[in-house]
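K.L.:
Please see the structure below; I have some questions.
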Amino acid sequence: MEKEQHRSINTTNGSLDDLKYQSGFGNSFSSEALPGALPQGQNSPLVCPYGLYAEQISGTSFTSPRKLNERSWLYRIKPSVTHEPFKPRVPVRGKLVSEFDKSNSSTTPTQLRWKPVTVPDSPTDFIDGLYTVCGTGSSFLRHGYAIHMYTANKSMDNCAFCNADGDFLIVPQQGRLWITTECGKLQVSPGEIAILPQGFRFAIDLPDGPSRGYVAEIFGTHFQLPDLGPIGANGLAAPRDFLVPIAWFEEDYKPGYTIVQKFGGELFTARQDFSPFNVVAWHGNYVPYKYDLSKFCPYNTVLVDHSDPSINTVLTAPTDKPGVALLDFVIFPPRWLVAEHTFRPPYYHRNCMSEFMGLIYGGYEAKSDGFLPGGASLHSCMTPHGPDTKTYEATIARGNEAGPHKITDTMAFMFESCLMPRVCPWALESPFMDPDYYKCWIGLRSHFSYEGMNAKSNDLKNEHDGSADRATVVELISKTML
Ligand SMILES: [Fe+2]
């Protein structure tokens, strides 16, 4: 078969718009780019069809319970091991962290916010444009997470990236990503997310040039769909809307091809003379995948109060404690607000979890300004936060007659974790750090008023002798709180 035919199996005129995918979450998938390439009846025949090598990639220990066990079998032209020794990458990339401690990060309970970072003019691919903002734990100890951002303007050239530390959840904010993986190709546009599990080799092309986005990396676990509890069997992210690549391969001779391996937060390189995207067929449940956030089916209050943000969980990476997430991926999509006599924006709160937020497009309901697409904020464990002054005042001014209102053209998200993050120095010292963030709340004034309480409690007051002295009001307040 002609090499060119191989390349064109899943692409049309160089575009990925017509890519085909497999649908589902956690399925046992299978795909072959050539008929009969997938061995039947066993995983590792003495000689595989087409003379392919069989290679397993495991995402969980061999003995993990079946419901958690993830692995795939790849049938490839040459096995991954066919490369020269790994060497430290030069120049050293110093802004990636996978084991957080005092030497590379610091703690602060202060509310932090960053303006959108400018995409550099100098040629920068996804690897060089990736930097850690915050995180905690250790990839060595298989517990923790890192939150990164990237700004890049050029496709990866003759190289592939492999992350031995954890799974990437990529949230593009500007520019599409064309991601070639060992299982096939993904096109991921802003408004979609991609999950690239630990160990998979991938290359990212940037068809739109300047690109920017967010990345959550989790150590020692994988993302799951959240339980739906009383919601029932349907709602939130539907399994069928998760899309998995179909097999695609290339067999070209590629002298000097480089595998860049992130291992313990450090980058290593190894040379080989062929593409790692030489998997002709594969099967298994350990796969890269993508999800279109516009497919999310949000649930919310239909009478009173603001629901906890967990109602909008797309994916969750669990800890061993039931209901406690190493990292939840939560979105705030377009939706109707209908609650009666309710403060509709997010309530003021202090959370035992830590919250990193980003904005893909539009505005966010709790911030009238200052939180921009491509920007970010971090509210760590027990750090108070909530709507800014303008949002509070505007909401109160609308009163109880606000009526149903649809939030449109927006997509904010949150990475929420039970683990407290440490923040990297380049993030704290970034020129894009907003030193005035605290001012969005500093203007919140007291609305406390005995007169107001009197007005709202006329009926109650009439039960008394009509006096409105302080003692009476305090008594009334106590009575209404019972
Ligand atoms: Fe929050």
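Just so you know, glycine gets a Cβ as well, placed from its N, Cα and C.
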K.L.:
Can you tell which of HIS341, HIS385 TrEMBL lists as binding Fe cation with HIS349, GLU355?
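P.N.:
TrEMBL lists HIS349, GLU355 binding Fe cation, and from HIS341, HIS385 it also lists HIS385.
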K.L.:
Please work out which residue of HIS349, HIS385 has the most C-beta neighbours within 10 angstroms of its C-beta, and give that one of the binding-site residues.
P.N.:
HIS385
K.L.:
Where HIS385 (Fe cation binding site) and HIS306 (active site, proton acceptor) are concerned, what is their Cα separation in Å, rounded?
P.N.:
15
K.L.:
Between the Cα atoms of HIS306 (active site, proton acceptor) and TYR364 (homogentisate binding site), what distance do you get, rounded to the nearest Å?
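P.N.:
Distance (Cα to Cα, whole Å): 15 Å.
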K.L.:
Under DSSP, is HIS306 (active site, proton acceptor) part of a helix or a strand, or is it coil?
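P.N.:
DSSP call for HIS306 (active site, proton acceptor): coil, neither helix nor strand.
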K.L.:
Can you list which of these recorded positions (HIS306, GLU355, TYR364) have a Cβ closer than 6 Å to ligand 1?
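P.N.:
Near ligand 1, sequence order: GLU355.
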